[in-house]
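Noted in TrEMBL for the protein shown:
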DOMAIN    16-295  domain 'Tr-type G'
BINDING   25-32, 93-97, 147-150  GTP binding site
Amino acid sequence: MSTATAAPKGKLGRLDMTRNFGICAHIDAGKTTVSERILYYTGKNYKIGEVHEGTATMDHLEDEQQRGITIQSAATTCPWEFNNTTYTLNLIDTPGHVDFTMEVERSMRVLDGAVVVFDGKEGVEAQSETVWRQADRYGVPRVCFINKMDKMGADFEFSYGTLIERLGAPVIPVQYPIGASNDHVGVIDLMEMRAYYFSKEDMGSTVTEEDIPAELKDKANEWHHKMVESIAELDDALTEKFLMEEEISVDELKAALRKGTLAQEAHPVFCGSALQNIGVQKLIDGVIEYLPNPTEVPETQGTDVKDAEKKLSRPHSEDAPFSALVFKIVNDAHGDLTYVRVYSGVLQKGTRVLNSNNGKKEIVSRIFEMHSKERIAREDAKAGEIVAVVGLKTSYTGETLCDANDPIVLDRMEFPDPVISMSIEPASAGDKEKLSSALATIRREDPSFQFHYDDETGETIIAGMGELHLEIINVKLTRDLKIGVNVGQPRVAYRETINGTAQARGIHKKQSGGRGQFGDATIIVSPITEEEAKEQDLLYKDGIAYQDSITGGSIPREYIPSVGVGARATALGGVLAGYPLIGCKVEVIDGKYHDVDSSQLAFEMAGSIGFKEATRKAGLQLLEPVMKVSVTTPDEFLGNVTGDLNRRRAIIADTEQRGNTRIVTAEAPLSEMFGYSNSLRGMSQGRASYSMEPLDYRPVPDSIAKEIVEGENK
Ligand SMILES: Nc1nc2c(ncn2[C@@H]2O[C@H](COP(=O)(O)OP(=O)(O)OP(=O)(O)O)[C@@H](O)[C@H]2O)c(=O)[nH]1
């Protein structure tokens, strides 16, 4: 039986005894509560903090405690005893609120497996789908935990069904709950066919194993059969045995399920109630039994430092050259703490490492194993480990640290573009300097946040993933850093694109005594998507794909990339109304040069001039971010909710009935959704709730586009 243990300090486990995993879920499904219980049972957190009373360990930030949502993922190391072996768990907490999608993405990049938590009454909710798809995208093996089985109306079979219907997930039950709502007291292990109960008095620390209660025997047999049948399908030898009705041992079942889970062909489903301390220890055992150790995931991929086309990979081995990814920076009273995931080799304290993204060498002065309440100094960190280091000055989230003698650039994380922006002004001259350094610090911690100074208006503009994201940044500035600021109204981050294909010639020519400037490039612009660019093997950067079709040396080799640089820079500043122009292929087909007067700069100018003219000829179009909105409302407010959504230019995609509530799924332009939480509260007496996430960019209707363009060009 699993029990909390004190592990040897500062040096936990070998690679195959390590599990780097995260917990992700829809907001409020219970991630934080599950994480807290895991830390408690692993013996590291002696007092359990109730999330909404503001003592939860994982929710360090005051913001999170006040709002009861988990904003930043913290990595926490903890030991777990299983089958007489001490394992090292690195638990990476991930947020569920969609304004923090970025945080989920960065966690997905560094974890090897995930526990996805679902609400035992609601089953799969809108955001669980988002999280699930993200995990699909990153190829993360998963186990499911149907939580809140103690809640009024909790229904395991319904929730399990939604995993299949709404996610189409190949789930396999490994547990069945004993009782639901107030009667939920334990779980049946469908592998061992035993019942487990968790003590009421010591936070469920004492686990007792008993026979399956008589009244649940039939159910347990039915679900056991379901489990065996599904597992048998994963493995040819077991399929054979199953069809021949031969006995399949628990070990065989577990081995096949583990293999299937690693291949993402199966997701074992656990259940319980984190709040009532039911089932969490068995879930931790499940993390060890079914989620991969760092050597069981595919080799880490990257590219050559000098040639982004040349693919490299690194085995998860201590003997390979050192490589690691920076996935989080936390700025605290002692300076920057940089969280890194080591992929290969060994990182030694006090050594210099290369940041292969910016070419700078940095000294790692200290290495820490981060526990929830303490940090343990380490001499080194090995492949597969997650640690925090001190001393790095120029390495940011998403960048690679590596051995300077054997460099690699690991595949970067994807950072979504901000969809919303607002102006921010220092309230006094004294706040001005403080503001710019504070914004730079926030940006280093959070790459989904951006800011820039607008020369034309003289305003500083901050941009992020949603209203809440920017609101939290403001709170951080004003309350935590005590900087006085005035902020403007939130504004939508529009984009521009082209309607068709066109050709233009850009000539840049200047002759003003001495050496002149001469560049001449003919380009064709045409619409392209990121996928299409990939298919054509073109680099899609900042929304632009660039193709060199120069033959016969009409532009010398060294100047051809400059045409693309000029076009990209112009695209970033926009052609129609100052918003970044995206989805455009720029093909340079011809040009002229001058032996003396031509330079890279001259060809950049020519690229810029040609790009402007060609895109104007092709026709320009304003795009706006469209959000996927999911509103859950009691029946009686359905009319109000849909009427209001229609007024907001939303397209209602689906309305689903669940008991007395309706779930309305709609696609609405972000510009129409400002302040939606207040209006929704008003129209439903506070009983409806919603979630919202960026879906895509779509054309702005002409009449509205006209107003925006005129406003911007005033
Ligand atoms: N009845 C019941 N309530 C639970 C259970 N687990 C969590 N809760 C409650 O559900 C609410 C949300 O729990 P959290 O742990 O904060 O959920 P979360 O998914 O981390 O939410 P965010 O951090 O806001 O994304 C809290 O009020 C918890 O007390 C459970 O097993 N049963």
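Every residue, even glycine, has its Cβ placed from backbone N, Cα and C.
What TrEMBL annotates, mapped onto the structure for a quick look.
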{"residue": "Ala25", "record": "GTP binding site", "DSSP (3 states)": "strand"}
{"residue": "Lys31", "record": "GTP binding site", "DSSP (3 states)": "helix"}
{"residue": "Met149", "record": "GTP binding site", "DSSP (3 states)": "coil"}
Listed binding-site residues adjacent to ligand 1, that is, members of Ala25, Asp28, Met149 whose C-beta is under 6 A away: Ala25, Asp28
Cβ neighbours of Asp28 (GTP binding site) where a neighbour is any other Cβ within 10 Å: 20
Met149 (GTP binding site): tally of other CB atoms within 10 A of its CB: 30
